[in-house]
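Trainee: The following feature annotations were taken from TrEMBL:
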DOMAIN    11-182  domain '6-phosphogluconate dehydrogenase NADP-binding'
DOMAIN    192-308  domain '3-hydroxyisobutyrate dehydrogenase-like NAD-binding'
ACT_SITE  K196  active site
Amino acid sequence: MATEQASASIQVGFVGLGAMGSAMAPCLARFLSTKGQVLYVYNRDPSKTESLLSGPESANFRAASGLEDIAKNCNVIFTMLAHDAAVKDVMGKVVEFLKSANAADDGHQQQPRVFVDCSTVSPDTTREMSAAAEAAGALYIACPVLGRPDAAAAAKLLLFCAGPSAAKEVAMPYISSLGRKVLDLSDEAPKANIMKLLANFHLVSLIELLAEGMTLAEKNGISRDLYSSFISEMLPAPIVTGYCGRMAADAFQAGQGFTVTLGLKDVNLMRQLAERSEAPLPLADVAFNHLLAAKAGGLADKDWSALALAVREAAGMKQQ
């Protein structure tokens, strides 16, 4: 039933074409193309939109002139934005348009808009945006994702989905096109954000553990490569070996994956959640301080595994 609904008259839009959004949008557009539809796309920086429209799959996209164009033409609206303030700004503008459109409605019943926010934001922001959407006659799904841009491009993301059942019935075919697995958490949208923060807590704790272990090994004459080989045998999981390999090779290139700045944002969100929940996260506190030191050292746009450089510096190791 949901798949049949996906092939009907529903139009889909995507707002936010950063590193993750520009990798996710083509997957969604390919799915829509099988239904004879295009994906409306919008980004504040038009060059990001132009790169999709000038690419080999340009026929699958339609550039929206602005957020009002997205709100006017799209029934299902995906957002993938950098932080809470951006989500509030975009949602605020779209919701205001919907309220104005509702006030001028000639009495014809329109299908409710469904928002699907894939950004990593606080549960409180999702509560606020969900209420704002409801006030405008729309539905809101929180659907943050787990995975790097290469996983997004291959539609291998893990998606945490929560929101009203009526919204999920409409949006699930499109959500499913973005990843290998969708975890449907509940009708309470903020639970998806909580699960995403838990996922990132495990990741940053893993990065901290590997950084500390590699630093201790290197200070005792065990090379990074040898330590990395040991980790590959002990914990042969791609996510572990991937981060360990980046640290061993100092492969912290800017723009590759998740940056120190975004890592600080997410770790700060999980620490706020921990404080409100009265559930201490000492590992997150340690990682936050190392990320902060990395940012202070000019590494803000490097991969967040660059916190390893702050760990080495704390151990008195000179950077090469």
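From the backbone N, Cα and C atoms, a Cβ is placed for every residue, glycine too.
Unlike curated entries, TrEMBL annotations are predicted automatically.
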Trainee: Validating a neighbour-count step here. Other CB atoms within 10 A of the CB of the residue listed as 'active site': how many?
Mentor: 26
Trainee: Just to be sure I understand, if DSSP states are collapsed into helix, strand and coil, how many residues of the domain '3-hydroxyisobutyrate dehydrogenase-like NAD-binding' (192-308) fall in each?
Mentor: 91 helix, 2 strand, 24 coil
